[in-house]
């Protein structure tokens with residue numbers, strides 16, 4: 001029998017997801033479809049009778065607004081919410097703002113997959129002449145970060161390295177106290193948590209596609225190990241289509 005239950009939600013489609021652009025630390029908002037995805041995710045949790053005690057999210061509005069939509073749908077908007085840059089999306093460096101299909105056409109699908117999905121190879125860093133450099137690096141929400149903490153690009157390994165300490169130091173104690181935890185975050189920061197929970201290899205995590213807006217449920221034992229595979233709250237067809245859409249993002253448009 002499960003000792004704890006954890007729910008993860010990847011943010012709904014953002015305006016830049018819709019345009020197929022590398023987003024990373026750029027603060028794109030949800031698209032109208034993304035708002036609906038988040039709302040449907042919340043309704044799935046409501047219909048299943050889920051209640052929570054504390055929520056965690058990033059400092060990026062697409063994750064925060066996803067959480068708002070979920071909390072609204074389950075009528076638990078009063079819950080405490082902890083926001084942290086450590087749950088931000090991976091920083092895509094110089095690729096930020098570029099169309100993924102155009103980048104694949106220019107550099108080849110294999111190179112784009114390496115940048116997007118390799119475990120420890122970061123994309124080229126964002127230089128000071130990048131159109132979004134100041135927008136991101138000078139944003140006051142990051143004013144307290146040290147120079148070492150503020151990235152100019154990240155691999156998945158880098159993303160996990162800054163997300164996991166927060167998981168271990170802030171989220172795990174809440175779960176072990178019996179708090180029912182909801183995390184609304186991003187594809188790569190959530191993949192870091194999933195990799196840690198399931199003990200997945202670097203190769204396996206590269207191939208994992210988390211769908212947007214669909215609640216992911218983990219039943220955990222007292223050592224926070226999953227007692228069964230992750231479950232998705234949603235009908236099978238919705239889940240399958242969502243995961244296929246995520247996998248197709250870095251391919252050349254036919």
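Positions of Cβ are set from backbone N, Cα and C atoms, glycine also.
Quick caveat, the model's predicted, so the values are computed rather than measured.
The Cβ neighbour count for residue 11 (active site, tele-phosphohistidine intermediate), using a 10 Å radius and every protein chain shown, is 31. Taken from Swiss-Prot, the feature active site, tele-phosphohistidine intermediate covers 11, and the record attributes it to similarity to another entry.
Annotation source Swiss-Prot lists active site, proton donor/acceptor at 89. Around the Cβ of residue 89 (active site, proton donor/acceptor), the number of neighbouring Cβ atoms within 10 Å comes to 26.
In the three-state DSSP classification, residue 187 (substrate binding site) falls within a helix. The substrate binding site feature in Swiss-Prot is assigned to 10-17, 23-24, 62, 89-92, 100, 116-117, 187-188.
Per Swiss-Prot, the feature N-acetylalanine maps to 2. DSSP gives residue 2 (N-acetylalanine) a coil state; it is part of no helix or strand. Long-range neighbours of residue 2 (N-acetylalanine) (same chain, six or more residues apart, CB within less than 8 Å of its CB): 219, 220, 221, 227.
Swiss-Prot lists 26 with the feature phosphotyrosine. Long-range neighbours of residue 26 (phosphotyrosine) (same chain, six or more residues apart, CB within less than 8 Å of its CB): 16, 96, 97, 132, 135, 136.
Per Swiss-Prot, the feature site 'Transition state stabilizer' maps to 186; the stated evidence is similarity to another entry.
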Cβ atoms near residue 90 (substrate binding site) (within 10 Å, other residues, all chains):
29
What residue among the binding-site residues 24, 187 has the most other CB atoms lying within 10 A of its CB?
24
Within a 10 Å radius around the Cβ, which one of these recorded positions has the most neighbouring Cβ atoms: 10, 13, 16, 100, 186?
10
